[in-house]
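Feature annotation from TrEMBL assigns Zn(2+) binding site to His490, His495, Glu548. For Glu491, the entry in TrEMBL reads active site.
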Amino acid sequence: MLRTLTINLSKSRLIKNADSFIGKYKKLSSGVPKLNSVQPAKSVNAMEDKSIYLLPNNQRFVELDSSQAFENLTKQEKLYAHYLSRAAWNGGLIVLLQTSPESPKIFSLLHRIFLAEPLEELKKSAIKVGISEDDFQAFLVYAGGLFANSGNYKGFGDTKFIPNLPKESFESIVKASKAYENDSTHIAKLWENTKDAMYNIAPRLTSLGLSDKGITTYFSSNCTEADSNLVNDWMKTKRLEAYICRTFKTVADDGLPLYTIHLASVEKSAKPPLTMEKEKYKNAYFQVTRGDYSPLLSLVNENLSKAVEYAANDNERNMLKHYINSFREGDLDEHKEGSRYWIKDKGPIIETYQGFIETYRDPSGQRGEFEGFVAMVNKEMSQKFGALVDGAERFLPRLPWGAALEKDAFLRPDFTSLDVLAFSGSGIPAGINIPNYDEIRQNEGFKNVSLGNVIPAAYKESVIPFLSESDKQLLEKYRVAAFEVQVGLHELLGHGSGKLLRQNADGTFNFDKEKVKNPLTGKEIESWYTEGETYDSKFTTLGSAFEECRAEAVGLYLSLEPEILKIFGYEGQEAQDVIYVNWLSLLWNGAAKATEMYQPSNKTWLQAHARARFVLMRLLELEGNGLLTITEQEPGKNLLLTLDRSRLATDGKKIIGDFLVKLQTIKATGDVAAGESLFDTYSRLDEPWNRWRDIVMLHKQPRNIFVQPNTVLEGDGVQLKRYAASAEGMVSSWVERFPGTRVHDALERLADADRAHFADLLLL
C-alpha cells in the first residue's frame, strides 16, 4: 500500500501496526491513556537473552471495537461486510505459508486442539497432568501471538517468537487434549513435525531474511541474494511483476539451476501467456507455473462471489469480479483492473481491499503478502481528511523539491477514516495508501484510508521511557491529535506526492529532458525509469524504508503549516503543542523504539518503518547542532531525549526540507546507488548507538495484540460477536472464525507440498 504508516509505523505505503508513534483519531479527552514511565531491567546483553524471543504471560490483548459503526449498517451492508470479512480471513491464512515452513502446521495443531473442546476443559485436563497455571497461560499467549501475526514471526519486526513454556510441558498439553484423544495419530504427527522448528532459535532462524540472513518462504531456502537478483532480472525481461509469486530453485536434468516462478491462483493448469514453459537465461532455466495457495484462494473466491450479491453499486461489483478473476487465474492485471474500480468507488459505507499487497517481508521487496481488510466509514474524521484533500493542491507546491519533480496533475484521492471490522495478515496498520501499482498511482489515482479505531486500541496502557516529565505530559495530552495530523500528511501528501521520471516505450519522456535539472547537481537529468521498471523493481530491499522515510519527512515538514493544523481544529498555542508533539513522537520512536528492529549480528534492519524513523532521528541529531540531543542519563540503563521546540520552524524545517529534496530527487531519477549511500550514512549503528541499543532493549514492551470480532449469520441477518480482551478471548475468536477442519486440511497439504523446498532448514 504504498506502504503503511504503522503505528509504530506506518503502513503506507500502509501506516502499519500501532505501537509507538501513535496517535488516534478520536476526540481528545481525559480518556487518553496515561503514559507511565518504565523501570529499566537489569543490564544484560539483549542478543544473548532468550527472553527477546518470548511473549510474556502478561502480554496485553486489546479489543478492536467496531460495534457502533457496525450497528449503524443496513441489513444489506451487514451481509456485504460479512462475506467480505469471510473472504479476508480465509485469504489471511495464506500468510502462514508466506511466513515460515512450520507456521501452517503449528496453526493447524493449535486450532485443532482448541476446536475439539472448550478452553475450560482443556485447562482442567492440562492441570490434571501436572501443567502449572503459568505454563498453560504461556500456551494460550503463544497461540494468540501465532494467530495475530499469522505465523511464528512477528508481523512488526519479523523476529521469531517461541513458546514461553518448556517443550515437555507443551507436549503434555497436546497429549492431554480432546483432539489428541480423538485422533492421536494425526495430532502426534503434527506435533512431531513442528516441535523442533517451533522452539529452534538457531541464528538463521531468529528472523526473516534471505539465505544466511534469515528464512523466507518467498524463495526456497537454497536461494541466495545472487539467485534473487537473477530471478528479478529475468522477470524484468518478461515485464513480470512479482506481487503474486514465489520462487523455488531446483536442478534441471543437465545440472543447471531451474527457477520456478509459482503464481498464486485457484487454477493449476498451464495457461500461456500467464504461465511460461522452461527457457534458458544467463546459464539457468526459468519457468512460470500457477496454482500456489489454490485451496485457500478458492475459499476467498467463494465468499467474494457471495459478497457481489450485496454490493451497493456497479463499481463494487466490478471490483470484486476482477479480484475473483485475478485469484482464480493468477492474473495480476485483473487485480489491477479491480483496483481501478476500487479507486472509482468514492466514499463507500463499506470499504475493502484484498490481495497480495505489501512487499515488506519479501527480502527483495517485490512479492506481496496477502492482506484483506473490511471497514466502515467514520464520518466525523472523514470530514477532516476531506478538507485536507480539498487543500492538497495548495499544499503540494509548498514541498521543497519544486514543480519539475512533482506529478503533472494532482489526482484527487478518496481519503476516509474507517473503523476496522476485519483485518487479516501479519499486522494491522493505522492507515493505508493504495494501490501500490506505479502506473495506477501515477496516472489514475489512489485512496488514502485511515483506520480510526486502531490507534486508541494500540495506545492502551502505553509506556514511554527516555523523556522528561514535562514532555511525557504533553505526549499524554496531544499524542492522539498529533498522530491524526501525521497520518493525513504521511498518506495523502507523503505517499501521494512526487513524480517518477520515466522514458516511455516510444522513446519519449514524461519530463522535459532539456529543461529539467537535477536539484542536487544543477545538471541535466542523467537517470530515469525505463519501460518495465518500477520503483519496487529498482529499489528492491531499500524501497520500503526509503519511501516511508520520505512520507514521514513530508509529515514533519508540512505539520509546521498553520493552515493544515487549522483543518484538524488546532490554532494558536494548542497548534504549536501539536506540532511539537508530532516531531517529538516520531523522533522518540526513532531513538527509543526503532533499534528494537535492528539485528546487530548481521547489521540488518528488520522493519522498514523503524529504519526510516531512525534515519530521520539521526539526521536531526547529527545535523541539528543541538536541535535534538540524546544523552545517557544512567550508564547502561537510561537515556534522555531532548528536542528544542523553538527551532523546529527554522532549523528543523530547513534540515528536513533539504533532506526531502535529496529523497525525492533520488526516487524520481531511480538513483539506487545514491539512495543506498544516503541511508547507509544515517542508519548505521555507530557508537554510541550500537551500545545504546542494549538500553533500548531493556525498556522494550510487547506490542498489543488485537482481538477482532466475528460476523455471524443468524436467520436472514448478521450479528457481530465480540470477545474478551485476553488470550482466552483471542483463542475463542479464532476458533469461531473457522469452526470446521477444512482450512486445517488445506494448510497441511500446502505445507507438505512446500516441504522439499525448505528441507535444509531442518538441519539447523
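Placed from the backbone N, Cα and C atoms, the Cβ positions cover glycine too.
Curation plays no part in TrEMBL annotations; they are all automatic predictions.
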Query raised in the report: What is the one among the binding-site residues His490, His495 whose Cβ has the most other Cβ atoms less than or equal to 10 Å away?
Result: His490
Report summary line: Taking all protein chains shown into account, the Cβ-based neighbour count within 10 Å for the residue listed as 'active site' is 38
Requested in this report: Using all protein chains in view, find how many other C-beta atoms are within 10 Å of the C-beta of Glu548 (Zn(2+) binding site).
Outcome: 36
**Report entry** Inter-residue C-alpha distance, Glu491 (active site) and Glu548 (Zn(2+) binding site) (nearest angstrom)
**Finding:** 10
